[in-house]
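Notes for the one structure printed next.
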Amino acid sequence: MKIRYVFLLFLGLASPGVSRTLLGMNKSLAGEISPAAAKRQTGELLADLSTLPDAALSPAGWTIKNILLGNRAAVSPQDLTTVYTAPGPLDSSECRRETCCVWKYIADAMATSFRDGAGRCNELARQAVRLGFHDAGTWSKSAGGGGADGSVLLAPSELARDDNRALEVVAAQMAAWYAEWRPRGARMADLIQMGAVVAAASCPLGPRARAFVGRNDSATPAPPDRLPSAANSDAAALAALFADKTLSLGELVALVGAHTTSVQRFFDPLAAGSPQDSTPGVWDTLYYNQTASSDPPQGVFRFPSDLALSQYPPARELWQTFANAQAVWNDDFAAAYVHLSVLGVEHINDLTECTGVLPLSG
């Protein structure tokens, strides 16, 4: 049975057309981190958020800082209720005055494209989620370079790498959206990250992670060999790779759950088209159950990396938690994805939150 869960949200008025709460904006961040969230996150601040005092934080900067710190008492990494209403038609002066207005039109177009006739998320949606990770996940704390800058599509040599096979459909669609929306100020880096969160929210039971815009684009290819391999059965090495991106083991376990909607095509050509759980059109927790199962359903394909992670002693308890708690996983996935989506972004405090443009989770 698939169960719809609802989270406690923190709501208030922040800007025209957008309702949200910045509860405790003037409070110290000290002492607000929930033990459970802190255990699953590194608590490491990134870029300008690591040096700016609380008083200098923008609304988006404050929200992202609290999410990175695991401060669920101050802000939820999801927003399941805020709906942004465009103040006027696309290209109107009213629309141009609000950053999120054009993104409302973009997100609506994306959401329509990401669902099949039965209301499930489709191949374009699952590729969009993967694309978001493949752009942002190239960042390295120790070596620098890469990150959420659009280079996976703006640098042809990066898209051509083996890492990025099976992204052809979403790459073509993003190129079309970029041609349509770039004249209205949309950047490729933001289109990619918006696409990932819209795609997840478009799936039945999917999370509605907070969405931010204002990243800079780059056509410089990210350094190679920064993304995990599905063939890697060394879970400790996977954890170390993510740690170099400031992502904790808990965040890795949460993010890999996106394989609940994935379908492999190239890893094993003889099993091309095989999903990673038995309901690839639904954002449920069957992936965690079926990956760890001693008797997975026929037709479900398990990557060596996923199987190893499910059996990795430090990850096993959290893996089982997610398997049994859709709400917990959705919240942790949303927090981890916000973290991922700002990797390599040097001006996080200058971003604008536009979560209200996302479709309400199904």
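Placement of Cβ uses the backbone N, Cα and C atoms for every residue, glycine included.
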Q: Among Cys95, Cys203, find the residue that TrEMBL gives as the disulfide bond partner of Cys121.
A: Cys203
Q) Of Cys100, Cys101, which cysteine does TrEMBL list as the disulfide partner of Cys354? A) Cys100
(Q) Among Asp135, Asp162, Asp163, which residue shares the Ca(2+) 1 site with Gly147, Asp149, Ser151 according to TrEMBL? (A) Asp135
Q. Per TrEMBL, which one of Thr260, Thr261 shares the Ca(2+) 2 site with Asp277, Thr279, Asp284?
A. Thr260
(Q) If you average per-residue pLDDT over the domain 'Plant heme peroxidase family profile' (147-362), what number do you get? (A) 96
Q: Indicate the candidate from Asp149, Asp277 with the smallest number of other Cβ atoms within 10 Å of its Cβ, considering only these binding-site residues.
A: Asp277
Q | Cα separation, His259 (heme b binding site) to Arg130 (site 'Transition state stabilizer') (Å, whole number) | A | 9
Q.
When DSSP is mapped onto helix/strand/coil, what comes out for Ser151 (Ca(2+) 1 binding site)?
A. helix
Q) Cβ-Cβ under 8 Å from Ser151 (Ca(2+) 1 binding site), same chain, 6 or more residues apart: which ones? A) Asp135, Thr138, Glu158, Asp217, Ser218, Ala219, Thr220, Pro221, Ala222
